[in-house]
Amino acid sequence: MMAKNNKTTEAKMSKKRAASEESDVEEDEDKLLSVDGLIDAEASESDEDDDEYESAVEEKESSSDKEAQDDSDDDSDAELNKLLAEEEGDGEEDYDSSEFSDDTTSLTDRLSGVKLQTIVDPNIYSKYADGSDRIIKPEINPVYDSDDSDAETQNTIGNIPLSAYDEMPHIGYDINGKRIMRPAKGSALDQLLDSIELPEGWTGLLDKNSGSSLNLTKEELELISKIQRNEQTDDSINPYEPLIDWFTRHEEVMPLTAVPEPKRRFVPSKNEAKRVMKIVRAIREGRIIPPKKLKEMKEKEKIENYQYDLWGDSTETNDHVMHLRAPKLPPPTNEESYNPPEEYLLSPEEKEAWENTEYSERERNFIPQKYSALRKVPGYGESIRERFERSLDLYLAPRVRKNKLNIDPNSLIPELPSPKDLRPFPIRCSTIYAGHKGKVRTLSIDPSGLWLATGSDDGTVRVWEILTGREVYRTTLIDDEENPDYHIECIEWNPDANNGILAVAVGENIHLIVPPIFGYDIENNGKTKIEDGFGYDTFGTVKKSNLEVNENGDGDEDGENESAKNAVKKQVAQWNKPSQKQLEKDICITISCKKTVKKLSWHRKGDYFVTVQPDSGNTSVLIHQVSKHLTQSPFKKSKGIIMDAKFHPFKPQLFVCSQRYVRIYDLSQQILVKKLLPGARWLSKIDIHPRGDNLIASSFDKRVLWHDLDLASTPYKTLRYHEKAVRSVNFHKKLPLFSSAADDGTIHVFHATVYDDMMKNPMIVPLKKLTGHKVINSLGVLDAIWHPREAWLFSAGADNTARLWTT
């Protein structure tokens with residue numbers, strides 16, 4: 001019994017020592033740990049590990065106690081009772097009143113003597129359900145070297161953009177719900193400098209966690225540079241490791257590899273021969289068909305079993321190179337309908353006329369007929385004849401293949417500037433000069449630009465003030481009783497503004513008038529210039545040839561013929577002093593010609609003017625000199641019907657326009673310089689550009705022709721804008737403008753730029769179509785002329801009015 005008591009006491013003491021040692025270890029661990037009132041994540045993890053460890057130790061101790069109990073069960077019941085009695089006695093002794101007294105010691109004092117024991121083995125031991133040991137290892141804490149997808153973000157606002165916090169002092173909230181304040185921003189100058197001088201690692205993005213700019217670190221920049229240079233990004237990898245030649249690359253001759261070739265390699269295979277003979281027998285018997293023969297059989301079978309699809313799409317076959325397809329028949333018209341409109345049916349007179357004409361001369365080979373239904377239409381009787389004639393045409397008529405050019409039509413249209421950029425030019429009618437009782441055939445503008453003279457079929461010449469439209473002068477030059485067939489054909493002011501002479505062509509006469517509207521000085525200068533020519537022949541200043549003609553009047557026949565020629569030459573026109581009646585009409589002198597004068601044009605100096613008489617033969621063109629009262633006929637032979645004649649603006653050249661040609665003569669050398677071929681059927685008028693290197697001509701076949709005298713004799717441009725005969729064309733003296741007037745009652749205004757560079761062609765741009773004159777008896781605008789300085793246009797029409805068109 002004593003021994004057993006000693007054992008129990010020793011067990012109790014050992015338990016107390018173990019408990020005291022555990023308390024000491026725990027106290028030492030508490031000293032090592034710093035507890036500040038906050039539970040750290042790592043501390044919690046270690047506590048959890050300790051709890052697991054303690055539970056495992058307790059389970060181990062309980063298991064040992066159970067084993068001891070099992071051993072004690074083997075003792076006898078008597079010994080068990082004795083032990084129980086001793087334990088009860090000991091228990092009564094152990095329980096003391098002091099243990100149940102109030103303990104005033106603190107937890108710190110109680111744990112002051114406790115010592116903790118650290119275990120080196122990190123594994124935790126447990127048991128499975130079958131009783132075997134189970135080792136619970138600690139959790140693995142992975143280290144993320146390159147992936148931070150599971151890392152917690154500092155700013156927990158989710159997918160909300162940072163722009164939602166622009167008006168707030170913070171940029172979001174952290175995991176604890178506290179605000180993340182916005183970082184301080186620099187001044188506008190600092191932001192400007194930062195945008196100019198970009199810092200290293202600048203990305204232009206905002207960091208969602210801090211609200212500041214997101215810059216790349218040096219490691220990230222180095223990584224990007226390595227990727228750009230195609231280098232290794234991991235420093236632990238050695239790209240130049242030493243080569244270990246595990247297997248030799250040199251083939252060695254060994255007994256296993258240098259075996260001699262067997263004989264069967266050089267002897268034909270009997271097995272292959274059997275297989276080949278088997279295939280040959282199958283081909284001979286027809287069980288195997290070669291691919292070529294099989295293809296031929298399929299094509300033959302396809303041709304034999306071919307069925308034409310009547311309603312399928314037609315497939316085009318490749319024609320021969322020399323094959324020309326027949327041209328398609330024109331589609332049927334309304335006349336060929338079985339139920340044509342009434343206006344296509346022929347009247348009895350038209351049917352009779354159609355039947356009386358020859359078959360080859362008929363406009364159509366059938367008579368349009370009307371049927372109430374398509375089923376009532378009979379067969380066409382001329383179908384066989386038409387097919388036969390078409391076959392003859394295809395067989396006998398030669399045909400040529402014409403390759404169609406694939407050209408974009410827009411590429412052929414020249415790129416012209418907008419008319420808005422080419423102003424000024426006339427666009428509206430501002431003044432109407434009304435008062436004439438007949439057609440206004442001609443008009444002319446004074447060199448000063450103040451007075452407008454018009455000539456009409458009523459036999460009057462009127463002078464108008466341009467700005468006000470007031471009539472300031474009127475004279476009647478045609479007496480209907482004496483000369484009923486005369487008209488005022490042409491009227492032209494002298495280009496010299498200091499004399500005020502107005503030349504008027506009336507029938508066969510040319511009147512030089514000085515209207516009393518300028519003042520004494522100008523009127524006196526004009527009359528003096530005209531009167532000075534009367535003394536030219538009086539004082540013996542006649543040509544010697546004319547004197548010789550007069551002296552050889554009684555000579556031989558040759559002398560008589562020569563004198564007759566000179567006499568005719570001298571009598572081409574006669575300068576007559578005005579009668580008293582003509583003086584009352586302000587006529588200073590009258591030049592009488594043989595035929596009707598249609599056109600008149602002054603030289604730029606104002607001393608010469610040229611007239612055109614289309615019906616006068618070789619004397620159709622006459623040059624008159626005012627200062628000497630002389631008239632010359634420069635041509636000995638007629639060059640067709642002359643329509644117009646003009647002087648060159650500054651060269652001694654004369655432009656003569658016939659019905660189809662324009663000839664340029666040099667008056668100083670008396671030679672033909674150039675012959676222009678406009679290509680028109682009947683020219684009406686010409687005008688020369690102020691620079692003298694371009695010419696425009698109008699024709700009665702509705703065309704306006706532009707000739708560049710430095711280029712070929714054919715037209716540079718042909719303008720077909722009018723619908724009827726073009727009567728007049730005129731260049732502006734100062735501005736790059738020209739106009740054309742026609743019988744359709746319209747006036748077309750064009751912009752014409754002539755470049756100094758000889759390599760550039762003139763630029764012609766249509767600007768405006770002026771309408772206002774009425775068409776009377778198929779006559780519209782008869783004449784047009786430009787103002788000397790302004791972009792104003794004057795026009796004369798068959799509606800008895802003249803108009804001023806301004807910008």
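A Cβ is built for glycine as well, from the same backbone N, Cα and C atoms used for every other residue.
Note that the structure is predicted; figures quoted are calculated from it, not measured.
When S146, S269, S383, S620 are compared in Swiss-Prot, the phosphoserine annotation sits on S146. When S76, S97, S545, S579 are compared with the annotations in Swiss-Prot, the one labelled phosphoserine turns out to be S76.
Record check of S63, S72, S337 in Swiss-Prot: the feature phosphoserine is attached to S72. Swiss-Prot gives the label phosphoserine to one of S418, S633, namely S418. Checking the candidates K127, K639, K769 against Swiss-Prot, the annotation ubiquitin cross-link falls on K127. Taking S149, S213, S314 one by one, Swiss-Prot attaches phosphoserine to S149. If you look at the repeat 'WD 7' (776-807), the same-chain residues 6 or more away from its ends with a CB under 8 A from one of its CBs are 423-434, 436-445, 447-449, 452, 454, 456, 464, 466, 469, 724, 727-728, 730-735, 737, 739-747, 749, 770.
Note on the repeat 'WD 2' (483-523): DSSP counts are 4 helix, 16 strand, 21 coil.
Residues 419, 422, 424-426, 684-691, 693-694, 696-704, 706, 710, 766-775, 778-786, 788-789, 791, 793, 795, 797, 805 of the same chain lie 6 or more positions beyond the ends of the repeat 'WD 6' (721-760) yet place their CB under 8 Å from a CB of it.
Helix, strand and coil content of the repeat 'WD 4' (637-675), in residues and according to DSSP, is 0 helix, 22 strand, 17 coil.
Secondary structure counts, DSSP: the repeat 'WD 7' (776-807) has 0 helix, 19 strand, 13 coil. Other Cβ atoms within 10 Å of the Cβ of K127 (ubiquitin cross-link) number 13 in total over all chains. Summarising model confidence by region, the repeat 'WD 2' (483-523) averages a pLDDT of 91.
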